[in-house]
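*Asks:* I'd like to ask you about the structure that follows.
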Amino acid sequence: MKLQTTYPSNNYPIYVEHGAIKYIGTYLNQFDQSFLLIDEYVNQYFANKFDDIFSYENVHKVIIPAGEKTKTFEQYQETLEYILSHHVTRNTAIIAVGGGATGDFAGFVAATLLRGVHFIQVPTTILAHDSSVGGKVGINSKQGKNLIGAFYRPTAVIYDLDFLKTLPFEQILSGYAEVYKHALLNGESATQDIEQHFKDREILQSLNGMDKYIAKGIETKLDIVVADEKEQGVRKFLNLGHTFGHAVEYYHKIPHGHAVMVGIIYQFIVANALFDSKHDINHYIQYLLQLGYPLDMITDLDFETLYQYMLSDKKNDKQGVQMVLIRQFGDIVVQHVDQLTLQHACEQLKTYFK
């Protein structure tokens, strides 16, 4: 399946299929040099899938740490210095092969190297179906996640679904959070559909039918980012679950999707408090437990610590913390939330696990 962005200019294709890695070769001859930034996990398990690619002249492999630990100033400088030592030109390609963190990091390298070189995304996880599309790239700061970055469109996104076959269950859970988020954004019917399909851990772990929901998620994100590339309006909706989720992820060092799921429950609690929305919190908690999400850490949440991270969220303005909230299905808002409401919501969330 081939999708295409529909910006006024500078569009890029998104290939989503089994065996899609073959499309990388169609781009390599266009560049003076190419650097595959490949995460250590993918290199360990899939190195042979790239044999044909390394038969091309001037293609280099750069192995980087997997996950968020690659998104540091130190790794950024080390990678840039290595690439620059090859006397690169602007007709160079940075090719990100790995999960969402790899794409974020490699994209920031591409955006800043010589003030911008070519960039190809080759996502290898479910989570990266979200992050590889839309052009957000960046690294982390001691103050929080993704606070240093840019908007930088790739030349292409090549999503080979064969990579998903060997994902450990923890990564399936983490990736499913973004798939589920897209269903929530699409409304009550889409949410019921995905919940009925992925009823429990066994079905989710099998990945049966996941291709369809990934494709739908990408289409949902495309519709939003083409309408609002620089996140001035509706693109903020894609941050559903992320204001609280990023704080939990960064402080408790849990997988991104696990934290986003906690953030999704949290925003339902906040919406109930602000709008009397009557979301069934127990339903969502029980659903996540059926899927196998480890939620025990919720009892250890410390609001004051998390609130300091929430204050650094990129959606905020001078009025304070902004959250994406589902007032009702089909009615999504970006709302300022006061500290007391946020604190009470955190306390209420913890009561479900005592």
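Numbering starts at 1 and runs along the chain as it is shown here.
Cβ coordinates are placed from backbone N, Cα and C, and glycine is handled just like the others.
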*Asks:* What does Swiss-Prot list, out of HIS256, HIS258, as binding the same Zn(2+) as GLU178, HIS242?
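*Replies:* The record-listed residue among the candidates is HIS256.
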*Asks:* Looking at Swiss-Prot, which one out of LYS142, LYS145 binds NAD(+) in the same site as GLY100, ALA101, THR102, GLY103, ASP104, THR124, THR125, LYS136, PHE163, LEU164, LYS165, THR166?
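*Replies:* Only hit among LYS142, LYS145 in Swiss-Prot's NAD(+) site, alongside GLY100, ALA101, THR102, GLY103, ASP104, THR124, THR125, LYS136, PHE163, LEU164, LYS165, THR166: LYS145.
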*Asks:* Once GLU178, HIS242, HIS256 are set aside, which residues in the chain still have Cβ within 8 Å of the Cβ centroid of the Zn(2+) site?
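*Replies:* For the Zn(2+) site, the extra neighbours are LEU127, ASP130, ALA177, LYS181, GLY241, GLY245, HIS246, GLY257, ALA259, VAL260.
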*Asks:* In sequence order, which same-chain residues at least six apart have a C-beta under 8 angstroms from THR125 (NAD(+) binding site)?
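*Replies:* Listed in sequence order, they are GLY98, GLY99, GLY100, PHE163, LEU164, LEU167, GLN171, SER174, GLY175.
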*Asks:* If one looks at the chain holding GLU178 (Zn(2+) binding site), which residues at least 6 apart in sequence have a CB under 8 angstroms from its CB?
*Replies:* ILE126, LEU127, HIS129, ASP130, SER131, GLY217, GLY257, VAL260
